[in-house]
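What TrEMBL lists as transmembrane segment is 9-29, 41-64, 76-95, 164-184, 204-225, 231-250, 262-279, 291-309, 316-342.
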Amino acid sequence: MMKFTKQNFVFLVSGIIIYVVDIGVDFWVASKYFCQGQYSWGILILCFRGLSSLITQIFSYEWFKNDWESTDTGELKWIFLVHLVQCGIFIRYWFALKYGYQAAYKQTSSGDASETDSSNFIQNQTIDAVTDINMLRVFKTFLETTPQLFVQIYILMEHGKTNFYQYAAIFMSFCGISSSIVDYQISLRKSLPDKDEFRVPSKFIYLFYKLLTVTSWVLSLSLITLLSVRISVILLIFLWVCGFTWTLKQHTTFCKSKKMEYLYRTVVGIILIFTFFNIKGRRTKVCISIYYATHIVVTLGILFVYMFWKPSIIEGIYFIIVSILTIFSLVLGIIFLVVYYWHFHPTVYCKTQAFSDEVDGVAGQKDRVKTSRFQNFLMQ
């Protein structure tokens with residue numbers, strides 16, 4: 001397992017700052033909408049925030065329970081209370097900062113066996129703590145940040161009026177998406193020893209691939225919504241059903257309980273609306289090709305529909321700008337995708353029991369939790 005470095009500690013601190021600022025911007029934007037009498041938009045933003053917070057708190061508490069099975073129930077009670085008030089993520093950040101500081105700044109290269117064991121323990125604790133946080137941030141990103149980006153872009157296109165707080169919300173959404181997907185991939189490489197190290201060129205190529213493809217798809221969904229809200233809702237539901245069905249067919253065993261497993265599959269279905277998501281750690285050339293080929297066809301189809309259904313809108317400056325940005329980001333995103341998988345994607349996959357279809361049931365799940373939660377949660 002790779003080491004947690006000072007640079008990783010800086011990224012961890014910056015992640016906390018972005019997380020807190022993002023919360024503040026959400027409430028600020030919602031309050032602005034309420035003050036302007038646009039209650040539906042303010043309520044929708046708060047609903048995204050509340051839903052993502054609730055789901056991440058549920059997963060966070062379940063993971064605490066799984067990891068602290070032998071711990072006194074008194075400690076779990078206060079953990080439960082903190083999660084009940086939607087602050088469980090800050091407990092995880094506290095542990096991550098505590099272990100991360102020791103791992104990055106206080107570890108020595110002593111040859112003493114006991115000190116070496118202690119150093120490895122701190123490194124493992126740090127990687128596990130940061131891994132869980134980044135997994136939760138992925139949930140938040142696609143349950144709240146990305147949908148809010150979609151809503152803000154739609155509002156700008158629909159009303160044509162711009163305010164500073166709307167730009168602030170869009171900017172923070174891009175920051176949140178960027179930091180979460182890169183931090184996630186860094187944690188993935190550190191948690192799985194058979195994965196190659198995530199070097200600087202890989203980070204940028206991966207970031208551009210994800211960010212550009214997500215941006216293109218969000219713009220496409222905004223255009224559909226501008227055309228017809230009903231069609232947009234039907235499409236989103238259809239995409240979720242397809243993603244959820246595909247997740248069911250993968251027979252995931254990420255959670256210990258069936259209820260949590262179905263909640264996990266539901267969340268994965270939502271994530272699949274916006275980006276490709278590999279949940280079994282297998283090679284994904286065919287699946288990812290089908291996924292983004294579908295995005296290309298739907299995006300081009302939307303633009304052609306506008307030409308025949310509402311040609312008057314084509315002359316609008318917003319439609320022209322959004323159309324150019326949609327196609328430009330899609331083309332660049334696919335180019336970065338090809339470059340990433342051709343030159344920078346790790347070719348060695350973990351061949352542990354965690355990736356075997358034959359490992360199922362309680363015993364298999366317990367082994368997986370002991371090794372690494374990421375071995376059941378892979379986004380390529």
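In case you wondered, yes, glycine gets a Cβ from its N, Cα and C as well.
TrEMBL entries are annotated by machine, without manual review.
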Among the ranges 41-64, 76-95, 164-184, 262-279, the one whose Cβ pairs under 8 Å to the transmembrane segment (204-225) are most numerous:
164-184
Are the transmembrane segment (9-29) and the transmembrane segment (164-184) close, by which I mean at least 3 Cβ pairs under 8 Å that are 6+ residues apart in sequence?
yes
Per Cβ pairs under 8 Å, the stretch of 231-250, 262-279, 291-309 packing most closely against the transmembrane segment (41-64):
262-279
